[in-house]
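Visitor: Quick one: structure below, then a few questions.
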Amino acid sequence: MTGRGKGGKGLGKGGAKRHRKVLRDNIQGITKPAIRRLARRGGVKRISGLIYEETRGVLKVFLENVIRDAVTYTEHAKRKTVTAMDVVYALKRQGRTLYGFGG
């Protein structure tokens, strides 16, 4: 068992999956404890209950912007795979330079 499901190894070989996971609002996957850990890393001691939904909203907007720029770089290079460098350039374009991922 390779853990790849029913798709096989190659690209584009996957047939119809029997139990397709329904994509709900995935932003709820950013759990309350995860947000709490991020806040602790930033030095926060107490957290209001209203913070969690607000944080999810801000994170969603931020990721949408970064991913949109990264996909734009990918499409311009006529590729179908978003690379780490696409994300690095997208972050740099938004004024958030990230070191340690090449380039």
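A Cβ is built for glycine as well, from the same backbone N, Cα and C atoms used for every other residue.
Sequence annotations record features per position, and here Swiss-Prot assigns DNA-binding region to 17-21. Annotation source Swiss-Prot lists compositional bias 'Gly residues' at 1-14. Residues annotated as N6-acetyl-N6-methyllysine in Swiss-Prot, with experimental evidence given as evidence: LYS6, LYS13. Residues annotated as N6-acetyllysine in Swiss-Prot, with experimental evidence given as evidence: LYS6, LYS13. The feature N6-succinyllysine is assigned by Swiss-Prot to LYS32, LYS78, LYS80, LYS92, with experimental evidence given as support. As annotated by Swiss-Prot, phosphothreonine applies to THR81, THR83, with the evidence given as experimental evidence. Sequence annotations record features per position, and here Swiss-Prot assigns region 'Disordered' to 1-20.
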Visitor: Just to verify a number: CA distance, THR81 (phosphothreonine) to LYS32 (N6-succinyllysine), in angstrom, no decimals.
Guide: 31
Visitor: Sequence gap of 6 or more, Cβ distance under 8 Å: name the residues on the same chain that satisfy this around THR83 (phosphothreonine), in order along the sequence.
Guide: THR74
Visitor: Inside 10 Å of the Cβ of LYS32 (N6-succinyllysine), count up the other Cβ atoms and send me the figure.
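Guide: By my count, 14.
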Visitor: Taking just the CA atoms, what is the gap between LYS80 (N6-succinyllysine) and LYS92 (N6-succinyllysine) in Å?
Guide: 21
